[in-house]
Every structure is written in C-alpha cells, then in structure tokens.
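Have a look at the structure below, then the notes.
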C-alpha cells in the first residue's frame, strides 16, 4: 500500500510564516480582497499542470562532480566551481532514453521499449553506448524485455535479469555469463522481487546487490510455489472479443507466503570459468523455524555483508553480519554478530527494520531504532558488542541517516520547533555526541521547513532540497564550512506566475486531545475570513505511520478546491500516524479500523467548533487506506459528515496482502486476531450509509487493492437498499493515472462535491 511519506508533491506560493500559519504571497486588506480581480487556481490548472514546480535532479558521479540533464544534453558539472561540460549530446538520445552511466564513465546505458508492470517494476530494452568511440556496441547485445539492469559500483560490469534469471557482463562487448537457470514466470524469481516483496518489503523491483569493489554479487531468490493467484480481466482495445486475464501470485492475509533464499556469487571467478557456484546464506535459526522475510541487505565492506530477517509476525527481526572465509570460500554468520530487534507494543521499524550505516572499516554501525520512550533515534553498535548507545534523544524522531564520515554523521529529523511535519538536516560529531548542529534550520526559515538532501560520494558536497512551505528551492553546499555555493533552482518563474493568482493559504497547527498533541493542516481559501462559514473537506489517509500534516509545498486538487470553490481542505494525523513516537503509532496495533477512524470523526467535530466551518457541509475523502477510513467514517452513523468519496478502498483486511496486513493485524485465525478482522469491514456498516451521500470509485485492473474490495462494498450497499454513486475505470490500476482517467476522476469528484455542498 502506498505510504504518503514516500510522496512529496507541492501547495502554495512563496509563503511567509506567522507562528505556524503560512499565508498567501500577497497580503491584502479586506477592502482590497473584495476588489481582488486576480483569477483563481482552476481545476483546469491542476489537470493540465498550468503551473509547474521545477526540481533539480542531479546524479553524483564522484565526490565533487555530478551529472545533470538540461535540454536533453547530459552535463558534467564541478560542484566547487560550477563549470560544466557536455558529457552526452542530445543527438545521442534521438531514438533512446538515457538510463545510466557506468561509474568509470566509459559507457552509457540507453533505454527503449519501456513497459510498466507494477508500482516499481517494468521491462525495457537497452543499448550500450561507448563514450570514447561515440557509437553503440552492436555485438553481444542485452536481450529485449530485460526486467532489471544495474552497473557495478566500480568500472563497467553489468548485472541484469531476463526471464527471471540473472546474467553478468564482465565487459559490455563480451558474452553474458548466466548466473542462475531456475527462473520461471510467476514461480521462481532470481534477482528481482515478486509482487508482495516489490510492494511491501523492498519497495523496489531489484533484488541484486553488488559488493563495493565488484568482487561479489548478492541476490535473493523468491519462490511463489503455493502462493494463491489473484486474477482479473483486462479489457484492452474494444476490438478484443474476449478480455485478457491477468494472473499474479498474491498472498492475502493468512495465505501461503513466498519463500526466500539468499545467495552470493564470486564474479571474479567468471574470468577463469564460464560459471560460478552461488553460495547460499541461510536465515538465522530464530526466524528460519517459521515463515519469515528477508527485509534488508547492506554491504559493510568487500567481504562483510549485513542481512536483516523478519518473522512473519513482524515484531521480531534479526540482523546477521556475515564474513567471507577466503580459505574455505564460504560465508560465516556467527551468532555473536547477530543483533535482535523486537517490539512489545507493535511492529519493528516504521514499515520494516531500518538499514544499518557502517563505518568505513565495517567494524561498527549506526541504526535507527526505538529508544526506551518509543521514539526513533540513532543508536551506535560498537565492534563485537550486541548493546548499542543512543547518540540522539528527545521527544522527536530521526527520519533518516543521510551520510557517515570518519568525523560526522548527517541525519534528517523533525526536532526543530517540535513540529512532526518538519524536516531539517543535522550533523553530529562522532567523538562528542553533544556537538550537534542543524545545518538547515536558519537558512530560510520562512520559506523552508521541509528539507531533503543528496550527498556526494564521500559527503564533501551536498544538495539541499527545500520542499516547503514556500516554493521549492534547491541549493548546493560544501560540507567543510556548509557554505552555499550556488542556487540550482529557485522556481522564480513560477513565483512570478502565481502573483497573478488568488492562492490559498496553509495552516499547520495542533489540537490537544487527552493531553496529547495531534497535528492538522488546513488549506484555507483566499482572503479567508474566520467570521464566515465555509464547507469543509477532510482529506484522509490515516494508515499506520502516515503523515498528512506537514510543511511541504503542494499544487494539487486541494489548491483548486480552496482557491476556486472556497472549500477548506483539512487533514488530521490521529492515533496510528507516524514520526511522533511509538505510543501514537502503535495505538492501532491489532485493531485497524477503530481509533484512526474515531479520530477523524473527532477532528471534524473540533474543526466545526472553531467557528468558521459550516456544520451542515462537511465531507471526507480518501484513496486506498484513506478510502477505507472514509468508508468506515461514513458508515459509523456519526452524523458529522454529509457526503464522502472513497477511491480504491480496502473493505475487508482478509482481502489485502499478507505482509502489510499482518504487520498491523496479526493472522486471521481464531488463535490470533480473527475476530477483529471480521469486525473491521466496511460491509458490516452498510445500513448507516443511508444517512450520507457516497461516491465509490475503483480501477478494474487494480493489482494492489483489488476491485473485489469495492465490489463487495457495492454488493452490501445494494443488499441494504442504500442509494449511492459508483464509478469504475476500465483497465486502470491503483493510481488511476492515465491521462484521460486522471482528468475524468478529478472532474467527477469535483462535480460530486459541488452537488454535495450546493456550490453551483
């Protein structure tokens, strides 16, 4: 299931911050507001992306150089001085798309025939371009419909997956070496993930890991034998007389899971023989005795690797550190190098155990884990010791470790001003943990409170990406003194364009319930007047570890609703939400569909009490988990909401995948948590939908939250005699993102809200 923390888009113009309220670009008096002749941000503006936010995507290729695509040329830039040269001219890409350059910059992968599969996976064809010869390599080409391909960390070796088997090219012009031969569609996956590992565990299609100096290639093998298949029709072109049927091995809650094996192959041995024997590293006994997952792989050094394994009930994980035995040509994972991580209140990590960050010699590492108070902080694991020492602490959370040098560790946290929805870059001295400095907090505090960072290879330079609350800003910095070297992109052109638009403002604040702060955001109409009454739309996700109230910038559907329709669009992070400690996040452990649903209802009540919300025009909408919560809220009989929209909702947790669902709910068996599985369905609340207006939307080719989920809601509502609206999107997946479907769904939802709120 898509988690909102992974996705950052954008919301208003360059903003000034008044305490915790962002305000529009241009401040007008009431008289001036009444005479404001500027146009509003329209639905067409959103659907056609009239106003585009610019980013600056760079690829570090050394500790002081990076590549950047400009006007279809690939430029090589010097970080210190800013001078650039053309690395690849745009004529190289006339028939192909740029994919990646080898670490030694001698070869470039060019991609074509791209075909999307699931969220991350796709197939494509590739050509290899010789930079020095300025021509394509025509001998020993990579096969069409390759599933994954990646350069080695040094030089120009290639590993790729074709027809579920792994191949390696030692030189681009030489024949490929076949590493595996067991691959079988929908059964055995070598070096790539099956559906559930792609979506819920690795968040990627790749299951290949090169060692730092290319000597070894590690890979996972997934076996889906016995995993039940989900099947659905794909209607395709209208000339197709019989629809196609799509089959996917998809383990639902309580069903047979894929099994996993882990191997390492010595690539250097390929030079002396046509094949190399992979060596299997088994899971530790404490997890291997039952169903389990491989959830993280990190090379510490050329001959040391870290593997994290997780029990199917995801409150127990083991990190095994394995070393290469040069004499016996084997890998050893001694028990004294195993580190157990457990949770007694919920699950391990936010979505899985955090990855370790090793020192350069691989002897010790740093990792984000929960401290004794339940906040995610950085702990240092010294050499040959199982216990760790926390180097950060407080009632806030470290989001990610971004870089580790011999002297400092760099991390992103939400410590600044005790605002969970903020993100800033910090550095901490490894020899003195009291020496902590925020590198971004004071750079541009009105415009920038939500940062991301990208470090060069050895962290000598870094790019800061400010993602809000004002317009995104990208700058380049030097680590030695943190001087800003140059502005890479400031979105000044967009700023000028938005001066002529009546933009909404954004309020980020909290309410206190049961002595606990819960944060919310509101997108307020232009010239907001708290003495007036506005319709309210609650935009909800509310899944475990989600966050909707943050300081990032967005131009989206809510921008249109607030600017043109004068609707307040609010989001609330209640119990179950993330980045505020395990007490809040684990509150919904083993009881999805309860507290997070109640909290959205209570939030709406609190918003009405603020005085500027029309209590008779309150709506709710959400997508995916948000569609589930929307439906559960509307089916609660609370009397708070007039209408709502659920897009691609879960309706019964036994219908959803095992990895995600069981993380929070356990198993749907009588000995575990079957009762709550059965008591948390949307269908059981069908009778209460007579009190509300309901729009149900789903794509027929949703591989993630299957159409079955909405079909069962529809059936229950019909059986209960409920009048409701429904819309399906033929052959659309979970994102309903094709150009025509995207425009249609947002137009349709807009019309539904206009009718519900009596706007036109």
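Note: Cβ is positioned from N, Cα and C throughout, glycine not excepted.
Quick look at what Swiss-Prot annotates:
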type	residues	note
ACT_SITE	624	active site, charge relay system
ACT_SITE	702	active site, charge relay system
ACT_SITE	734	active site, charge relay system
DISULFID	322-333	disulfide bond
DISULFID	379-388	disulfide bond
DISULFID	438-441	disulfide bond
DISULFID	448-466	disulfide bond
DISULFID	643-756	disulfide bond
CARBOHYD	83	N-linked glycosylation site
CARBOHYD	90	N-linked glycosylation site
CARBOHYD	144	N-linked glycosylation site
CARBOHYD	213	N-linked glycosylation site
CARBOHYD	223	N-linked glycosylation site
CARBOHYD	315	N-linked glycosylation site
CARBOHYD	328	N-linked glycosylation site
CARBOHYD	514	N-linked glycosylation site
CARBOHYD	679	N-linked glycosylation site
TOPO_DOM	1-6	topological domain 'Cytoplasmic'
TOPO_DOM	29-760	topological domain 'Extracellular'
TRANSMEM	7-28	transmembrane segment
Inset, instruction - Given the active-site residues 624, 702, 734, state which is nearest to residue 83 (N-linked glycosylation site) when distance is taken between Cα atoms. - result: 734
Inset, instruction - Measure from the CA atom of residue 624 (active site, charge relay system) to the CA atom of residue 643 (disulfide bond) and give the result in Å, rounded to a whole number. - result: 18
Legend entry - Separation of alpha carbons, residue 624 (active site, charge relay system) and residue 388 (disulfide bond) (Å): 38
Legend entry - Euclidean distance between Cα atoms of residue 322 (disulfide bond) and residue 441 (disulfide bond), Å: 39
Inset, instruction - Measuring CA to CA, name the entry from the active-site residues 624, 702, 734 that ends up nearest residue 679 (N-linked glycosylation site). - result: 624
Inset, instruction - Between residue 379 (disulfide bond) and residue 624 (active site, charge relay system), find the distance joining the two CA atoms and give it rounded to the nearest Å. - result: 34
Inset, instruction - Within 10 Å of residue 734 (active site, charge relay system) by C-alpha distance: pick out those among the recorded positions 322, 624, 702, and say none if nothing qualifies. - result: 624, 702
Legend entry - Rounded inter-Cα distance in Å - residue 90 (N-linked glycosylation site), residue 624 (active site, charge relay system): 40
Legend entry - Rounded distance in angstrom between the Cα atoms of residue 333 (disulfide bond) and residue 702 (active site, charge relay system): 41
Legend entry - Secondary structure at residue 144 (N-linked glycosylation site), reduced by DSSP to three states: coil
Inset, instruction - Tell me, if you would, which residue among 322, 333, 466 (disulfide-bonded residues) has the fewest other CB atoms within 10 Å in the structure shown? - result: 333
Inset, instruction - With an 8 Å cut-off on Cβ-Cβ distance and a minimum sequence separation of at least 6, pull the same-chain contacts of residue 756 (disulfide bond), or say none. - result: 617, 619, 642, 643, 693
Inset, instruction - Tell me whether residue 90 (N-linked glycosylation site) sits in a helix, a strand or coil according to DSSP. - result: helix
